[in-house]
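Listed in TrEMBL:
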DOMAIN    2-78  domain 'Trans-2-enoyl-CoA reductase-like NAD(P)H binding'
BINDING   47-52, 73-74, 110-111, 138-139, LYS243, 272-274  NAD(+) binding site
SITE      GLU74  site 'Plays an important role in discriminating NADH against NADPH'
DOMAIN    81-316  domain 'Trans-2-enoyl-CoA reductase catalytic'
BINDING   TYR224  substrate binding site
ACT_SITE  TYR234  active site, proton donor
DOMAIN    323-385  domain 'Enoyl reductase FAD binding'
Amino acid sequence: MIIEPRMRGFICLTAHPDGCEQNIKNQIEYVKSKGAINGAKKVLVIGASTGFGLASRISSAFGSDAATIGVFFEKPPTAGRTASPGWYNSAAFEKEAHKAGLYAKSINGDAFSNEVKKQTLDLIKADLGQVDLIIYSLASPVRMHPTTGVLHRSVLKPIGGTFTNKTVDFHSGKVSEISIEPSSGDDIENTVAVMGGEDWKMWIDALKAENLLAPGATTVAYSYIGPSLTEAVYRKGTIGRAKDDLEATAFTITDSLSDIDGKAYVSVNKALVTQASSAIPVIPLYISLLYKIMKEEGIHEGCIEQIQRLYADRLFSGKEIPTDEKGRIRVDDWEMRPDVQAKIAKLWQEATTENLAELGDLEGYRSDFHNLFGFGFDGVDYKAEANEMVGVESIA
Ligand code: NAI
């Protein structure tokens with residue numbers, strides 16, 4: 001079939017298998033171009049199919065020749081209907097990994113469930129024995145709690161008062177004012193239940209109970225802080241409470257791993273266009289200004305550049321891992337540079353529908369958004385027939 005993008009708000013209903021494959025190849029090339037990383041060799045990535053988790057899987061496999069198991073929740077294709085992009089990404093990843101002689105298997109299902117945890121543990125037991133790095137990179141709007149059976153829904157709301165600020169519809173470029181009502185009822189508890197640290201700890205506890213963590217094993221989850229411009233809706237909002245909980249969980253996990261000398265870290269990453277971040281109001285406007293400034297300064301990074309730097313300069317540099325006063329690894333350091341933030345704050349005041357295309361990098365935002373779904377890559381003939389029925393080798 002000929003596959004074209006079909007946009008609906010902040011999602012795209014179609015994905016292009018060849019474009020997703022090109023995206024994977026580009027990321028692999030980038031990692032290889034930066035040279036070998038003396039990193040972990042047996043790696044479990046939870047949330048491995050898109051965004052930061054995918055970049056982690058690629059960095060481990062093609063930077064450190066690691067065997068990888070990837071867990072994700074994606075939609076396979078049916079005849080005439082494309083898969084979700086994470087499915088095609090994983091298909092292409094496995095194809096490339098296997099070609100390179102690397103072990104790579106994937107599990108498609110709900111990572112919050114006991115069943116998927118058990119399936120993953122069984123696979124590690126059978127194939128790898130133990131893992132030495134566990135990346136936790138889930139971004140989900142819902143979680144069915146495995147013991148209570150309660151379905152928790154996360155919300156992106158300010159706490160304590162209505163938040164009013166500018167936002168942009170990145171498809172049309174229209175800048176408008178948006179008001180977001182504050183959280184109420186169980187909003188905070190529900191958001192913490194979905195995006196906080198409980199499930200991360202459950203994974204590590206389950207792995208440890210079955211002796212599947214190698215001595216000195218490391219686990220890393222991803223967080224975000226961001227500037228004062230977005231803090232009412234992000235870091236001081238409901239999602240921020242979940243990130244506080246996630247960050248606190250790193251210490252609990254580290255304590256629980258003392259006997260095997262294991263460690264849990266949170267890495268604070270940069271704001272980037274992913275399926276998760278496009279859904280947050282205000283953030284797309286911030287990102288389009290951020291991209292503009294960081295590109296001008298020559299310090300722009302995508303997911304793969306961020307994670308390659310996290311691995312090479314922080315986690316596996318051979319030196320002590322630098323952390324901030326709260327014990328967090330910071331690869332948002334360039335985003336948070338005072339000169340970068342001062343420029344964004346100024347542009348923020350000035351941005352309107354008429355001038356945003358010039359003041360901000362709206363084109364860069366749109367192009368990254370298209371790329372998420374496999375569209376807009378050089379070297380892909382989008383007018384040609386594409387085979388939507390692509391399988392993931394270890395699953396098909
Ligand atoms: P993403 O939407 O690109 O990736 C989410 C991944 O989680 C996918 O692999 C998806 O299949 C998987 N997933 C979702 N629900 C699942 C479930 N129930 N079972 C199994 N897999 C499931 O998201 P992104 O942006 O890469 O986010 C990953 C982490 O990075 C999140 O913790 C996010 O808060 C954090 N982060 C994101 C930033 C951004 O600007 N995008 C900035 C800093 C941190």
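Using the three backbone atoms N, Cα and C, a Cβ is placed for every residue, glycine included.
Features recorded in TrEMBL, as mapped to the structure shown.
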residue	record	Cβ contacts under 8 Å, 6 or more apart
GLY47	NAD(+) binding site	GLY53, VAL71, PHE72, ALA111, ILE135, TYR136, SER137, LEU138, ALA139
SER49	NAD(+) binding site	GLY70, PHE72, GLU74, PRO85, GLY86, TRP87, ASN89, SER90
GLY51	NAD(+) binding site	SER137, ALA139, LEU272, THR274, GLN275, ALA276, CYS303
ASP110	NAD(+) binding site	PHE73, VAL116, MET144
TYR224	substrate binding site	TYR234, ARG235, LYS243, VAL268, ASN269, ALA271, ASP332
VAL273	NAD(+) binding site	PRO284, ILE287, TYR365, ASP368, PHE369, LEU372
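For the recorded positions PHE73, TYR234, the largest tally of other C-beta atoms within 10 A is found at TYR234.
Within 10 Å of the C-beta atom of LEU138 (NAD(+) binding site) sit 22 other C-beta atoms, taking all shown protein chains into account. Using DSSP to sort the residues of the domain 'Trans-2-enoyl-CoA reductase-like NAD(P)H binding' (2-78) gives these counts of helix, strand and coil: 31 helix, 16 strand, 30 coil. The domain 'Trans-2-enoyl-CoA reductase-like NAD(P)H binding' (2-78) scores a mean pLDDT of 97 in the predicted structure. Under the DSSP three-state reduction, LYS243 (NAD(+) binding site) is assigned to helix. Checking the recorded positions ASP110, TYR234, LYS243 against ligand 1, the ones with a C-beta less than 6 Å from an atom of that molecule are ASP110. Per-class residue totals from DSSP over the domain 'Enoyl reductase FAD binding' (323-385), listed helix then strand then coil: 28 helix, 2 strand, 33 coil.
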